[in-house]
Amino acid sequence: DITFAGVQRALPNAPDGYVPTSVSCPASRPTVRSAAKLSTNETSWLEVRRGKTLSALKDFFGHVKVGDYDVGAYLDKHSGNSSSLPNIGIAVSGGGWRALMNGAGAVKAFDSRTDNATATGHLGGLLQSATYISGLSGGSWLLGSIYINNFTTVDKLQTHEAGSVWQFGNSIIEGPDAGGIQLLDSAGYYKDLADAVDGKKKAGFDTTLTDIWGRALSYQMFNASNGGLSYTWSSIADTPEFQDGDYPMPFVVADGRNPGELVIGSNSTVYEFNPWEFGTFDPTIFGFVPLEYLGSKFEGGSLPSNESCIRGFDSAGFVIGTSSSLFNQFLLQINTTSLPSFIKDVFNGILFDLDKSQNDIASYDPNPFYKYNEHSSPYAAQKLLDVVDGGEDGQNVPLHPLIQPERHVDVIFAVDSSADTDYFWPNGTSLVATYERSLNSSGIANGTAFPAVPDQNTFINLGLSTRPSFFGCDSSNQTGPSPLVVYIPNAPYSYHSNISTFQLSTDDAERDNIILNGYEVATMANSTLDDNWTACVACAILSRSFERTGTTLPDICSQCFDRYCWNGTVNSTRPESYDPAFYLADNSMASVSLPTMLSTVVAAGLAMLILV
């Protein structure tokens, strides 16, 4: 039963389901490494992947033209030096199911496997041309669905069969339909959630609400019975297609909570999960641990000889649950709702033994960075590592892995589904947060640079939140090497895609409409709103590469940059409430408006039931 509804699964390689388990250590025992450079795994993989991206770029520029300029000849000329060629990253923001679906629309638009995506006016092949892709919170759910299901397509995830993935009409509260690959009813679903987490706790590991949240997410995101109990994030590195460099390297992003603090600030540590490692380039830790052996008792960067290797801690559901742990807070208000008392009793029984001080975090027990970099790390004395939702520091677009100087990313396509405004539209807050962090006097940015962006009011007043915009076009005006950022904010092209972050259920029609709207946002309605849009995307991709090779940009690129690059103009006047009009025909049944306090409380109360 390898496939269901056309969706393949990855590797269920955890030794004992959700329970982290002692295994024999490899001959070379795992250690924590310095973040001074990329891992040998990543550099070796890049040698393979960059060759694949060259081929993909040639295909992409076969249907995306840059005026009369022969991009294919340019790529051939520099094919012997991969560092001269464009290096592309894609970032998909958080924002719950809204972010998953809007981000899915962009990824669908970028995927050459999507029907008609390589036609004139479309952007199919950009995904295949990318080296890296990152997601946090709702964006991490999208990445998890795609990668754990063997780099499947968004089309195949848009299922219509009961019990299949992405059947969001059944909320996480209800659990999956008993049809299809799932064989359990709601009662069995709740029991499975509790049993999995209880097994981890009995094995001696700290557990929090994030464990149950991550297990619940797995039923919606992974095409496997019982929510893919044995699927790990590190298993991505073991899939032959990834090893062959056939698709981009995925990152899930989360934040650290500083010891003794509850508020996540701009100087918080930003972690990444990649297929091989967990860690950060930030100076607070500046280290990475082998992801496969999370849960092992590292001390001072090594594993003592009397300690076993642990595997299975990096459950794929736990990883994407960690990145979206903000939702934990909405699981705690059940007793303020009018839900039946027997439901509250069951829920509270599950929560009874969980640490009440850690309701909003994921507990990484033991801390893999215990006594590591003791002279500089505030986490070195902590036996447990508190990790939280990747957007809690305001950086809701996961740019951090993509702006690391060692990765040399030229251009980032930043898909922003944030709910910054009263009506749940983005206003650039995430980009502002990343820019301000790069200037933070604490040194937390650790040498990363980011192009200048304006304040949030300017984003709205200049229309930078209603259409794609470019930042960092003039690299000579940067504080350090930084990528050009193509900002793609969620906007209403044909559907009100601004559903609440905490809307827990979405029927297939709304799901598909939001995905279609996201496709239209990324392609500017298949270039019907700008005949030169795909050429302008191409110019953004080529810009840094042309600079390195001393190549003059074609005239059309100058026109594109005049049109899409922020020119430094600021208008900080406080705007009226931001409620953008449709670009295309309205396919919505009704406009999405500001929710009432009652509806927000009801949604929050329902979310609590995820842990029943």
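Positions of Cβ are set from backbone N, Cα and C atoms, glycine also.
What Swiss-Prot records for this protein:
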type	residues	note
DOMAIN	24-571	domain 'PLA2c'
CARBOHYD	ASN81	N-linked glycosylation site
CARBOHYD	ASN116	N-linked glycosylation site
CARBOHYD	ASN267	N-linked glycosylation site
CARBOHYD	ASN306	N-linked glycosylation site
CARBOHYD	ASN335	N-linked glycosylation site
CARBOHYD	ASN427	N-linked glycosylation site
CARBOHYD	ASN446	N-linked glycosylation site
CARBOHYD	ASN498	N-linked glycosylation site
CARBOHYD	ASN526	N-linked glycosylation site
CARBOHYD	ASN532	N-linked glycosylation site
CARBOHYD	ASN567	N-linked glycosylation site
CARBOHYD	ASN571	N-linked glycosylation site
SIGNAL	1-9	signal peptide
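What Swiss-Prot annotates, mapped onto the structure for a quick look.
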residue	record	DSSP class
ASN81	N-linked glycosylation site	coil
ASN267	N-linked glycosylation site	coil
ASN306	N-linked glycosylation site	coil
ASN427	N-linked glycosylation site	coil
ASN446	N-linked glycosylation site	coil
ASN498	N-linked glycosylation site	coil
ASN526	N-linked glycosylation site	coil
ASN532	N-linked glycosylation site	coil
ASN567	N-linked glycosylation site	coil
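Considering only the glycosylation sites ASN267, ASN427, ASN498, ASN567, the Cβ with the fewest other Cβ atoms within 10 Å is that of ASN567. Cβ neighbour density within 10 Å is lowest for ASN306 among the glycosylation sites ASN306, ASN446, ASN532, ASN571. In terms of C-alpha distance, the listed glycosylation sites ASN81, ASN427, ASN446, ASN498, ASN532 place ASN427 closest to ASN571 (N-linked glycosylation site).
DSSP assigns ASN116 (N-linked glycosylation site) to coil in the three-state reduction, placing it in neither a helix nor a strand. Taking a C-beta cut-off of under 8 Å and a sequence gap of six or more, ASN526 (N-linked glycosylation site) has these contacts in its own chain: GLY121, HIS122, GLU520. When other Cβ atoms within 10 Å of the Cβ of ASN81 (N-linked glycosylation site) are tallied across all protein chains shown, the result is 10. Counting Cβ atoms from all protein chains shown, ASN116 (N-linked glycosylation site) has 9 others lying within 10 Å of its own Cβ. The distance from the Cα of ASN81 (N-linked glycosylation site) to the Cα of ASN567 (N-linked glycosylation site) comes to 32 Å. Geometry remark: ASN267 (N-linked glycosylation site) versus ASN306 (N-linked glycosylation site), CA distance 36 Å. A gap of 53 Å separates the Cα atoms of ASN498 (N-linked glycosylation site) and ASN306 (N-linked glycosylation site).
Annotated pair ASN446 (N-linked glycosylation site) and ASN427 (N-linked glycosylation site), C-alpha to C-alpha distance, rounded: 27 Å. Distance noted between the C-alpha atoms of ASN427 (N-linked glycosylation site) and ASN567 (N-linked glycosylation site) is 17 Å.
Ranked by Cα separation from ASN116 (N-linked glycosylation site), the glycosylation sites ASN306, ASN532, ASN567 are led by ASN532.
For the domain 'PLA2c' (24-571), the model's pLDDT averages out at 92.
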